[in-house]
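One structure is given below, encoded as structure tokens.
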């Protein structure tokens, strides 16, 4: 086992990364190794997909399968060895299909058949123990003895960034948003990463290409969500219990939430969102359901306590899932799509009757709690509608600075930094937030500036796209570059979606971003120095020190 993809990975003087019997996320060594083997086989699939495309051979099912299966290896997504092995076998079959098509096309046109990356020729075993034996050559740090740490760090930056982009590609696909050019670029990068390049310049350029790719994917996802559910609107959301039977929907999948709402109509079941599903309550086509009654709980890392206390059924539509046996709710949590946990019921297809039956069999909430509301829904359309008022308040001096404080949440005590910097931001500043990092402060009262709320909840992590659009609009109005705006980005990271959003921002030329609570363990001091010199990227320090630097206070 070797895994270094998330913020909670082991860090010691002897080296970084989880490499023992179990990772810090709870992932067993065997599961980690099987995931690495899956990725390796997927790289082989992409290698043949890229070559086959040159002959006009495109298989849409494969184009969507590869990022979906890659998503299954994200932090806190799928811990089920049997499911991971099934993905690997399916990938192996797809590789054979593309290989045959490619070689046939070469012969038909009199072209030489190329020898591709090693992952394109690995013979897969069918027995778990034999698959685990193969995994040694698929580890993400393979060949570490032959390359320096900087090259390895760049490889991992690209691998984990592309993994984040794959997750967003799958979210977009669920909403019928696919793009053949995006798929082609994805396969190209996936195959390149399978080549174990030692070219630092090429690897760095690839990291920027991944950021550009993800910018397009975020636009696709934004289009898919707004076409399906309308544009988010500023909305008051209840955050406490409502009497009655209940279902809790966590993850990121709005389509699954819609299906659950449709299938629970008239059944006397209240539906709550959790974690990154909170923004769903601002979409017109979702909030129209009266039994979508609010958001329960907070960010992913608190789920073992929150799900244990929730008196209903729970559906995990995507990341992040952690051990449901700790809170003794494994018999009433259900997984969907790429999510998996051994022994937990997995919903295949679009029939949620098992979830509904479980909810009806449970006690539900006994009484209504005193209502407490927060305001959400300041995504792209709402931000653009507010832009003229924002511009006027900037011009008259009422608004002097903008902060984007958000990203991933997590357990570390140091993450209180993000609460503290939001609270300490000057009263003449606007605070935008997104991702589950918002839970560090989204129930606090920040007031308003001439009717404009100081705290603007933009949405999920992928809604960084909305913040980018606002920044572009403001830069056009004020006839300046984005980096010249009074805008500061303070981002918390935990896993691979956050990595690709960072790459997206860097690829767009956004500078002077602060990230925390710690730098990714796979980035060496040399790489961090390059990112600081090129982009002004830096780690968070103290709230006082960072605010003074941001606001140019001596």
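Yeah, the Cβs are placed from backbone N, Cα and C, and that goes for glycine too.
Features of the protein shown, as given by Swiss-Prot:
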BINDING   3, 6, 18, 25  [2Fe-2S] cluster binding site
BINDING   252, 276, 320, 408, 436, 461, 495, 497  hybrid [4Fe-2O-2S] cluster binding site
MOD_RES   408  cysteine persulfide
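Structure coloured by features recorded in Swiss-Prot.
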residue : record                                  : Cβ within 10 Å
3       : [2Fe-2S] cluster binding site           : 25
6       : [2Fe-2S] cluster binding site           : 26
18      : [2Fe-2S] cluster binding site           : 22
25      : [2Fe-2S] cluster binding site           : 21
252     : hybrid [4Fe-2O-2S] cluster binding site : 25
320     : hybrid [4Fe-2O-2S] cluster binding site : 27
408     : hybrid [4Fe-2O-2S] cluster binding site : 27
461     : hybrid [4Fe-2O-2S] cluster binding site : 27
495     : hybrid [4Fe-2O-2S] cluster binding site : 26
497     : hybrid [4Fe-2O-2S] cluster binding site : 33
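Taking the mean position of the Cβ atoms of 3, 6, 18, 25 as the [2Fe-2S] cluster site, the remaining residues of that chain whose Cβ falls within 8 Å of it are 4, 5, 8, 9, 17, 23, 24, 27, 32, 75.
Same-chain residues with CB within 8 A of the center of the 252, 276, 320, 408, 436, 461, 495, 497 CB atoms, the hybrid [4Fe-2O-2S] cluster site residues themselves not counted, are 275, 300, 319, 435, 460, 494, 498. The number of other CB atoms found within 10 A of the CB of residue 276 (hybrid [4Fe-2O-2S] cluster binding site), across every protein chain shown, is 30. Each residue contributes its Cα atom, and for residue 252 (hybrid [4Fe-2O-2S] cluster binding site) and residue 6 ([2Fe-2S] cluster binding site) those atoms are 19 Å apart.
Under a cutoff of 8 A between CB atoms, and with a sequence separation of 6+ in the same chain, the neighbours of residue 436 (hybrid [4Fe-2O-2S] cluster binding site) are 275, 276, 298, 299, 300, 408, 409, 461.
Of all the binding-site residues listed here (3, 6, 18, 25), 6 has the Cα closest to the Cα of residue 495 (hybrid [4Fe-2O-2S] cluster binding site). A gap of 10 Å separates the Cα atoms of residue 320 (hybrid [4Fe-2O-2S] cluster binding site) and residue 25 ([2Fe-2S] cluster binding site).
Secondary structure from DSSP puts residue 6 ([2Fe-2S] cluster binding site) in coil. According to DSSP, residue 408 (hybrid [4Fe-2O-2S] cluster binding site) sits in a coil region rather than a helix or strand. Nearest in space to residue 497 (hybrid [4Fe-2O-2S] cluster binding site), taking C-alpha to C-alpha distance over the binding-site residues 3, 6, 18, 25, is 6. In three-state terms derived from DSSP, residue 252 (hybrid [4Fe-2O-2S] cluster binding site) belongs to neither a helical nor a strand segment and is classed as coil. DSSP assigns residue 18 ([2Fe-2S] cluster binding site) to a strand.
In the three-state DSSP reading, residue 276 (hybrid [4Fe-2O-2S] cluster binding site) counts as helix.
DSSP assigns residue 436 (hybrid [4Fe-2O-2S] cluster binding site) to a helix in the three-state reduction.
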